Amino acid sequence: MTEPAAHFASHAAAARTLRIWDISPPLDERSEVFPGDTAYSQELHFSLSPGCPVNVNRITLSPHTGAHADAPLHYASGEAAIGAVDLQPYLGPCRVIHCLDCGPLVEPAHIAHALENLPPRVLLRTSRTASQSWASFTAIAPATLALLATKNIVLIGIDTPSVDPAASQNLPSHQQLLRHGLRVLENLVLDDVPEGDYELIALPLKLMRADASPVRAILRELS
């Protein structure tokens, strides 16, 4: 191959569009929240008219609606709000691990097959079709988070509403997150994502006093 042709081929390869997976559920009035939490609502605050050149919505929602990032403040008073946390955990190489039909908790044995050369972020796919329902879902065993912490991960994500069961009062898995300084994403949609390694982009909003933030989470193929 001549030098100009080689340069063109290299440039074409670099310019190839990498595939993106949108792993966020839609946000609207059908979005489920923890029983008693603030439901999503939306209305027009300003409306296009002869005296108004724009539409502007007013939106009310819990910061735990849809795909979201919990801040340490969510499970420990005096800890950091979501607008104060480091953004680095929410951006970079990650691994999607399939632990389908594993029951009420993701145990260490369910992820043991995928721990070699682990990148710093792990997303767990527990169901064939993600659901935001609080009625029944898979959470993460504290022992699983403790194991992942030994692998030097910085973030864990899951395709269910919470890393703890809905009825939990002491939130042992959230406490493991706090103990090991791990960040967390909940309510992801991993239905169409093969097991493997990706780039994660899921930045929270800079909400300076909030205990969580919605994210628009995506995965991008590495090459």
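All positions are counted from 1 along the displayed chain.
Cβ coordinates come from backbone N, Cα and C, glycine included.
These numbers come from a predicted model, not from an experiment.
Taken from Swiss-Prot, the feature active site, proton donor/acceptor applies to H74, supported by sequence analysis. Under the three-state DSSP scheme, H74 (active site, proton donor/acceptor) falls in the helix class. For H74 (active site, proton donor/acceptor), the same-chain residues lying six or more positions away in sequence with a CB closer than 8 A to its CB are H174, D211, A212.
Under the heading substrate binding site, Swiss-Prot lists F34. F34 (substrate binding site): 13 other CB atoms within 10 A of its CB, across all protein chains.
In the three-state DSSP classification, H68 (Zn(2+) 1 binding site) falls within a strand. Within 10 Å of the Cβ of H68 (Zn(2+) 1 binding site) there are 27 other Cβ atoms, across all protein chains. Residues or ranges marked as Zn(2+) 1 binding site by Swiss-Prot: H64, H68, D70, E186.
Positions annotated as Zn(2+) 2 binding site by Swiss-Prot: D70, H174, E186.
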Run through the Cβ atoms and count how many others sit within 10 Å of the one on E186 (Zn(2+) 1 binding site). 23
Reported as an integer number of Å, what is the Cα distance between E186 (Zn(2+) 1 binding site) and F34 (substrate binding site)? 12
Cα-Cα, whole number of Å: D70 (Zn(2+) 1 binding site) versus F34 (substrate binding site)? 14
If you measure between the CA atoms of H68 (Zn(2+) 1 binding site) and F34 (substrate binding site) and round to the nearest Å, you get 13
